[in-house]
């Protein structure tokens, strides 16, 4: 259709505007051909008449439909023109906060002037491996495309980054290099990628400066080639620089700065190493203060200096060279402060001893006088002579500045050379990617030589860009077989010829520089004469003769001729350079000028066309020495032209990728868009030219399938054919009549500009008509439904009203009848009530009168009875007092008499005691007497206690009785007085009775009046009572309300505390999971390093070993010897040495050193502990053997001595028990008395107890001595009767020793025995012939010593216990005080706070107690484990000793012992669940059972976990044999075998799943049969019989657990690799619900089609894969809990990858896509339900994805919607929510965009939410895995070994 037909009513157009460049307006009426004016209405509502150009009749550009606005690619727009591009960029930048947009092959990047979280490593990983059109525009997408094309096409690539100063070129180039460094990695261990990135801080510090447009503007161009090897890993880099702005060193404009490095030096002047540079503030130096802005906001120059120095160190620039660089830079600053004094107009001088020059000369190491001289003079050489000429002050200043610029430029080149040396590739470069960061087109008020060179370079780059775009368009048309028509595009070759051709601007400039008296004015005249009026691109300004204008592709630029010649010559006096070269103290300075004689030379052009993948031989920008001296004077322009030609050759030999950086405003405001500035840059950078070229042909391109899917609504059913291509052709011929508006290609349909908008209009009209029809039908149905509902309601109302009226009439009749009945009963009630009131009053008066008379009579009888009782008690008390006095006197007399008789008896006893006979008589039955006395003492004590208790009870009763009697006496006295007063009162009362009778009449009269008042008062009281009752009820309700509130508050507090407890529990669980995850990540890293170490070792062995012909067999035990899981501590140094010699040096890096050191320390501790126990055991054995030998050598001990020893021991034990019992009772008595003053050391009770204790102990000691002496005498008498020499069995001694408790008792007994058995001296034999008295004496002494030591120890322990009790009392006091303080504080608080504080206090207390108990439990567990180990060691040693003792027993002794019957098992009858194999068959077992086992056959035909059961049964047999070497070797070989299998077939899911299942089953078997109670309770009795008996394999369980974790992580990686390609296609791109979402038009970067083609993954593909995984795991017998964890991990990967892609793809963020995602998630949930896995936690991992889908579908308009979104999206971070809202894109016109104000509202509401700022989910995250204990019910003895396993060498036991 014609373009003019689109200008209908309501069509929107763009009209020019001086402020906003373009404004949107709407047509108010249709346009007809011939109209001169368009009737428009602007967006703000203003009407406007727009006049058309009468000559061109050009209509204003049409506006794209809103559905196309905000597209990722500008070429997807239907109308391609300047306002559409500008509006699209503005919408994306301002509304969606998207800074990147594609424009065909160009990436447009707008500087946001704000840090954005879109450059993290997670974003890099998301873009890695993706197609360029499949993700949203990004610098990483361009970098990935370049990297992919380099690998795919084997062609070098270039990324050309251009733009104005401040547009973000350097940052974009930096991020591109970071992407390459992250994705590719380095091929060596030298961290080349870090060095490539480290070059940025150095180059920024010496080449970037602050300008009015940019705080970090690059003042030079650079081209960095990043080299790659054949595996496409970074191996090096090379940098080329262009046109450094040297003039900035000596001059800066207002608000600008010099290069950053100078300010960094000044900021670091206080550092000790910089003291010699004598620097100061930047405002002190002339070269740093001219701009007046020495500080950049937000930049710390001192910190930047640290970064610069670190980067220099990383790139290999030593500290001495760094200090040399800083000396030169400081010298430049001091040189700028050198001043000159004029002598006359033609000469000047430096002031004497000028400080800046002195510092400069000191730093440079040159002579002051020589430098001062040549700063003020120059040497002129003629043909015949040379003479020195003074120069003026102005020339001297210019020469000083030229010298400073020259030094800085040479230093810059020197640093670049050293950076290139550090980045040079050590191996051959296979390919490279170049990143060009070069200045964009520049135009200022005053443009000079620098701007001319920059714009010249941009002309060359624009020409290359135009040719490349044209070439790509041509290739696309030819590939699709579209008729190719020549497109006219702007060719800037004439402008380039004007600059660089013969007699061009540069040629004339070089010619003028060679002239002796050449000047800028003469050069300008030559330009006018040569080009003015001859070249259309060259003009002369009207008002100037020293300027010229060139029409560049972007704009006209006026250049001022002043300074062109000087800058082109770049003159510096040779004498000054020679002075600097002569520096001998400073070695770096001559290095800067050693290449002064070398000049640049152009290189030969490389052949055009496709360049092989080898690096293009770029020659250095220096010529060979020895060329003609003329070339020494090469101009700057000539050098720049040559380097630019070289750059263009490089770019033409590579595949270019373009990044155009746009500066949105000149004020550096974040996300502020200035349309004027943006349009200028878009015109200058070639973006609009790309649009124009595309628009000239067929810019809109659709595949046939996409077109059919989008415009299916425009087709009728009969139009749809099986051939999609033919269907599209038929429909297009009907829809668009003009066949020139479209072309059919092989795979695509090509449309001219505007045709897609026309089709969209037709589609929208069709949909709108369908919507109207649907609305009409729905509204009619709703109205009919509403009418029927109203009619039904009216009938219902009528029925209810009529029924109500009938009920009211019936109610009236009932009320009339009820009123009559009520009257009758009311009258009867009143009469009856009056009668009852009179009757009750009469009865009440009678009762009162009769009661009064009875009470008087009763009182009289009571008085008489009480006086009789009092008399009785008084008389009894007097009789008892008389009796007690008489009894006391009699008892006293008896006591005196008995005392006198006792004294006489005592005298007799003392006399008798002195006689020997008495002494013997007394001692005959002394033992019985002692026992009787002891018993008597106990009985007396008991009697004493009982008497004391009785006495206290009697005293209490006595005091109470006396008190009672005293009270009775007092009462009697009072009653007597009352009786006397009563008689007197009776008389007075009789008199008063008469008076009262008279008053009675008055009273009766008053009674009536009082009754009346009483009735009134009663009525008032009743009213008051009713009011009080009401108030009481109100108070009750208030009380109940308060109680309810208190209850609710308590409930809320309890719930809050429970919530806090739940949160803390969750936090603890999270911490535990984090710790577990950290540990498992360490295991993963360890396994990775271990694999790397093995690979390096294999490579080293291959490199070292020379292969010999023939088959070489590897030692089968080699792997087991190298396993880190071998815990043997018995490997000798000789065995370990060869292993250590063979280990390469990389092993140190590969091992986890912290873990290794911990294990080594633990092993050494166990060795020491084992050695100490071994030494102690050996010592005990030696002592036992020595004692045995002495027993055999020594003559037999007499029976008397042994009898004596046994008697002594028994006596000591009995006494010791008594003392302990007494002390325990004493301690108990002390602890039972609560008061601290009772137990204090100074208290009376305490002293009494101690005195009793000492007296009892003294008495006991005396009695013991006597008893021992008597027993020794009795034993000696018995010995005299028995034979002298009696053999005593040694076993008695052994039993006595075994009965002793601790080492102290054994030592004491040993000393006593030794002293007793010692040969006594000859002198003591004179006492008696056998020496029994001496022996008795010695024994008595030893017994005394032993008793003393025991008593002292008991006393010490008693004191210690007292001290501990005092400490406990003190702590209890403190606790009590603290509790009282807390109680006082709580009482001051309100009730709610009091409850909360008490709960908090209780929780704290319980937590502390819990922690203490946990610590105690851990200590006890450690002690138990240690004791178990010691017990096993001792049991083993005892078993060995028993075997040794059996060998030493003579045959005669064996005969007497009964022979133990041997159990001979019957063959093949009763199996013990063990498998026996020979040691040499171990490798065969591992090979057949692990290395060569096929998981599929085992899983299908055999029981799950069979290899694990077989291995465990082999371990059981080794344990049964008590062969630790065999156990260790088998377990180590098993672990290494599993590792080898997984390393070999680690990518096979079945293999990894099979060995994960078997490893877990093996681990569970080791736990189940370990013999630990916690595991044994799940076993059957038969299974408990199969427990391991000799070895504790807890350490190997930990090793197997770590191995299972590694296998699980490998399984997750395999799952991820299989699922990764399916997820995006199946979950996002594929339309599970067909027809819900139509495909929007796309640009040049085509996306993956969402229509399912062959080979495309769908949701069914994912579910089939999940089914496959689940069935394999179930077949392998994997634990159900482990399967749940694997499924949870799979679902997390699916959710994370889907959400990450959603967040990076604008085309996926629509309402219909949200519906598709929710449907897909529901299908996954259905799968979980089918597999009974809903409780696995997998569904929860999909919650972020579900919420993102819901967010796409909910309303997004009002504040209520914002509140709902904030509460709904609790699993999404704030960044993710905002990103989804920004990316939300309507697919149809009926959908609305999300307003910016709504997004701001969301951000404000989520401001306080504390969540991660990270945008993407970590798709690589692996949840920590646990292996819950799962015991097997399978009996080991029933397991059969199939012959297919090839394990015939194993036999069942």
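The backbone N, Cα and C atoms fix where each Cβ goes, glycine too.
Just so you know, TrEMBL annotations never went through curation; they're auto-generated.
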- Message: According to TrEMBL, region 'Disordered' applies to one of these ranges: 1170-1200, 1201-1231, 1232-1262. Which one is it?
- Response: 1170-1200
- Note on the structure: As TrEMBL has it, region 'Disordered' corresponds, among 570-602, 603-635, 669-701, to residues 603-635
- Item | Cβ within 8 Å of the mean position of the Cβ atoms of 163, 164, 165, 166, 167, 168, 169, 170: remaining residues of the chain near ATP | 111, 214, 217, 218, 440, 661, 663
- Message: Using a 10 Å cut-off on CB atoms, tell me which of the binding-site residues 165, 170 is the least crowded.
- Response: 165
- Query: Would you list the DSSP helix, strand and coil counts for the residues of the region 'Actin-binding' (644-666)?
  - Reply: 9 helix, 8 strand, 6 coil
- If one looks at the chain holding residue 163 (ATP binding site), which residues at least 6 apart in sequence have a CB under 8 angstroms from its CB? 109, 169, 440, 660, 661, 662, 663, 681, 685
- Check each residue in the chain of residue 166 (ATP binding site) that is at least six apart in sequence and keep those whose C-beta is under 8 Å from its C-beta; list them in sequence order. 111, 211, 213, 214, 217, 663, 668
- Message: As a test of the contact definition, list every same-chain residue at least 6 positions from residue 164 (ATP binding site) whose Cβ is closer than 8 Å to its Cβ.
- Response: 213, 440, 441, 442, 661, 663, 681, 684
- Counting every protein chain shown, other Cβ atoms within 10 Å of the Cβ of residue 167 (ATP binding site) number 25
- Distant-in-sequence Cβ neighbours of residue 168 (ATP binding site), under 8 Å, six or more positions away: 109, 111, 661, 663
- Within the region 'Actin-binding' (644-666) only, compute the mean pLDDT. 90
